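Participant: Below: one structure in structure tokens.
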Amino acid sequence: MAISSKEQETKKVKISVDKNPVDTSFEKWAQPGHFSRTLAKGPKTTTWIWNLHADAHDFDSQTSSLEEVSRKIFSAHFGQLAVIFLWLSGMYFHGARFSNYVAWLSNPTGIKPSAQVVWPIVGQEILNGDVGGGFQGVQVTSGWFQLWRASGITTEFQLYCTAIGGLGMAALMLFAGWFHYHKAAPKLEWFQNVESMMNHHLAGLLGLGCLGWAGHQIHLSLPINKLLDSGVSPQEIPLPHEFLINRELMAQLYPSFSKGLVPFFTLNWAEYSDFLTFKGGLNPVTGGLWLSDTAHHHLALAVLFLAAGHMYRTNWGIGHSMKEILEAHKGPFTGNGHEGLYEILTTSWHAQLAINLAMMGSLSIIVAHHMYAMPPYPYIATDYPTQLSLFTHHMWIGGFCVVGAGAHASIFMVRDYNPAENYNNLLDRIIRHRDAIVSHLNWVCIFLGFHSFGLYIHNDTMRALGRSQDMFSDTAIQLQPIFAQWVQSIHTLAPGNTAPNALATASYAFGGEVVSVGNKVAMMPISLGTADFMVHHIHAFTIHVTVLILVKGFLFSRNSRLIPDKANLGFRFPCDGPGRGGTCQVSGWDHVFLGLFWMYNSLSVAIFHFSWKMQSDVWGSVSPSGNVSHITGGNFAQSAITINGWLRDFLWAQASQVIQSYGSALSAYGLIFLAAHFVWAFSLMFLFSGRGYWQELIESIVWAHNKIKVAPAIQPRALSITQGRAVGVAHYLLGGIGTTWAFFLARIISVG
């Protein structure tokens, strides 16, 4: 390895701040638009209020100082954390004040979770359904009850205490946000010291975070859950601190506790295998992962992250330098490789954010898929509404993050990219062969679209003609997903073979036996067939189109053959000015706008597939003799192979619960279903009409106001083209999300 040159020697880390850089002035903040000279003058037209909202958090437009932008972002993060703690506090408070948590804890299979009781004002107390145990309330599907049980919370008092703790943390975060902007604001070099930042986040946030959670799981969750699992009532379980200070109490449950730390220091770690296990599979009592497995997992992660937090070179001259690692990365086809990327990532927060959003979005989608295959908390697997809600939620979060990655990648290209500093490096070479990338991606989209859709069209046609023997199906022309089935089989065979210490498979989705809790299926092998093969290629198609739109937007955000000077027009512009027809929807912003619709397409197909597949092939009841009867009786394999099947046997058949919900505790979902359709339809008014139409209409209305001498002082203006599109896509997605939410929950709460 090359010795670092003098330029690359790591600067010593020191905490450097500016004292009292910005006054705390309520007078200034009280003036709307104080952050912009133009907006601070006040409104002349109605466009002002739109620009106020668009630019309030666009720190780039408020100052050209990277240090000042960094400080604003840093301070805003504390504000975000304050909101999160406030929200957490509210959740715990609802659990303490309005929920049936303790009743649920004593009978989790017979009582449904509820944390909201609707007050009777105009008859809406109809929403308080009977959730069992004599409690009337709204059934909740957030998974909080299961998480609280896994944490070892057994009383409302503990929930109250945590809620108060959350409020305290929120106040602390608000103070920190103010303090680090107005009193002691970090200098730019502090924000740019990536080695120190990586060390602290890896060791502190992830390492100590995992260690703390592992400690909590070992000392509190495990003993309390062991007692709950064996039927001890929550009221009889000792208080949490008893388990911390009374070693004899712990030793009764986990004998190795009587040996203390001797096995640890004598490296005889196997002694601790009574509470740090490697069982695999699910706890047959709760249908969740073994808590001793998850404690072991978090302890192992803590060790890894604490080690990783000592990996980067700061004040001691040992360890990695991020710049050196990046610049050493040179492949045979990548020219100067990663040269210049360090400078990009330390001076462009948009570039940094784009990568982080892509990673976090992908991670959220991975979480969605793990949470049903390996249900992490006790009794969550048999709470079907919660399982469906959490899958849908994490898919949506992931989708928005991934599109956000495309957005900020384009903003980086327009605002922060410097061609002179990126000659022949990886980014430059990607941009130079963008035509090949985009045209290949386009070909893939066309291929996937026509072939996957073509399979469905073929099946619909054959079924219409009564030629079922000529259809693609498990009973005619089979298209089995052989690679997926092979992956399932190697995971099923792993325990005792390639995973010699595991007692059971990582997930029963791969194979194995049916795990049932309270006569309901928690998890069982998911058989994959022709219907899955077909819909998976629809997933591939919609995801690739989303990627095509976002990647094209990013690669062509500075210039294109059509508009060579795009970078001068900015991130969002409606078209290339008068006299240039056919240049609409080419800005980076417009690609994000279009990408959002395809993201919605992708996720709708994915969550519909999940919802139907689980109801058809996994979720259901188990008879005393062990027979499983699924909610929709296994109709997925034969119905999901035609478009008509999706429309008739999924959308229409399963919408009956939401459509017929009036007069029942689920009637709110019927109203939401209706209202969200309305919001969605409202969006089309913005998406399908031009600005001129509205400007003409407004001028007539203003004329009428002038006629009767009630003309407004602020001149009304139609929305700009971009504003109209923004309002349109926002209502389109909101309407779509609301409709899907009501459709899913009314259905699954009724039948699940």
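Backbone N, Cα and C atoms are what each Cβ position is placed from, and that goes for glycine too.
So Swiss-Prot says this about it:
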type     : residues       : note
BINDING  : CYS575, CYS584 : [4Fe-4S] cluster binding site
BINDING  : HIS677         : chlorophyll a' binding site
BINDING  : MET685, TYR693 : chlorophyll a binding site
BINDING  : TRP694         : phylloquinone binding site
TRANSMEM : 73-96          : transmembrane segment
TRANSMEM : 159-182        : transmembrane segment
TRANSMEM : 198-222        : transmembrane segment
TRANSMEM : 294-312        : transmembrane segment
TRANSMEM : 349-372        : transmembrane segment
TRANSMEM : 388-414        : transmembrane segment
TRANSMEM : 436-458        : transmembrane segment
TRANSMEM : 533-551        : transmembrane segment
TRANSMEM : 591-612        : transmembrane segment
TRANSMEM : 666-688        : transmembrane segment
TRANSMEM : 726-746        : transmembrane segment
Participant: Using C-alpha atoms only, work out the spacing between CYS575 ([4Fe-4S] cluster binding site) and HIS677 (chlorophyll a' binding site) and round it to an integer in Å.
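Facilitator: That comes out at 31 Å between the alpha carbons.
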Participant: Out of 73-96, 294-312, 436-458, 533-551, 726-746, which stretch has the largest tally of CB pairs under 8 angstroms to the transmembrane segment (591-612)?
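Facilitator: It is 533-551, which has the most Cβ pairs under 8 Å.
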Participant: Fill in the CA-CA distance, CYS584 ([4Fe-4S] cluster binding site) to TYR693 (chlorophyll a binding site), as an integer in Å.
Facilitator: 17
Participant: Under 8 Å, at least 3 Cβ pairs, sequence separation 6 or more: does that hold for the transmembrane segment (533-551) versus the transmembrane segment (294-312)?
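Facilitator: Between the transmembrane segment (294-312) and the transmembrane segment (533-551), which are separate recorded stretches, there is no contact, as judged by 3 or more close Cβ pairs.
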Participant: Can you name the residues of this chain that are 6 or more positions from TRP694 (phylloquinone binding site) yet have a C-beta less than 8 Å from its C-beta?
Facilitator: ALA718, LEU719
Participant: Express the distance between the Cα positions of MET685 (chlorophyll a binding site) and HIS677 (chlorophyll a' binding site) as a whole number of Å.
Facilitator: 13
Participant: Using a Cβ distance cut-off of under 8 Å, indicate which of 73-96, 159-182, 294-312, 349-372, 388-414 has the most pairs with the transmembrane segment (726-746).
Facilitator: 388-414
Participant: Could you state the whole-number distance in Å separating the C-alpha atoms of HIS677 (chlorophyll a' binding site) and TYR693 (chlorophyll a binding site)?
Facilitator: 25
Participant: Is it possible to get the count of other C-beta atoms within 10 angstroms of the C-beta of HIS677 (chlorophyll a' binding site)?
Facilitator: 15
Participant: What is the Cβ neighbour count of CYS584 ([4Fe-4S] cluster binding site) at a 10 Å cut-off, with all protein chains included?
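Facilitator: CYS584 ([4Fe-4S] cluster binding site): 13 neighbouring Cβ atoms within 10 Å.
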Participant: Report, as numbers and ranges, every residue of the chain located at least six residues beyond the transmembrane segment (666-688) whose Cβ falls under 8 Å of a Cβ in that stretch; write 'none' if there are none.
Facilitator: 126-127, 129, 657-660, 719, 724-725, 727-732, 734-739, 741-743, 745-746, 749-750
Participant: If you count CB neighbours within 10 Å, which one among the binding-site residues CYS575, MET685 has the smallest count?
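Facilitator: Across CYS575, MET685, these binding-site residues, the one with fewest Cβ atoms within 10 Å is MET685.
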Participant: If I restrict to non-local contacts, at least six residues apart, and a C-beta distance under 8 angstroms, what lies near TYR693 (chlorophyll a binding site) in its own chain?
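Facilitator: Looking at Cβ-Cβ distances below 8 Å from TYR693 (chlorophyll a binding site), excluding near sequence neighbours, one finds none.
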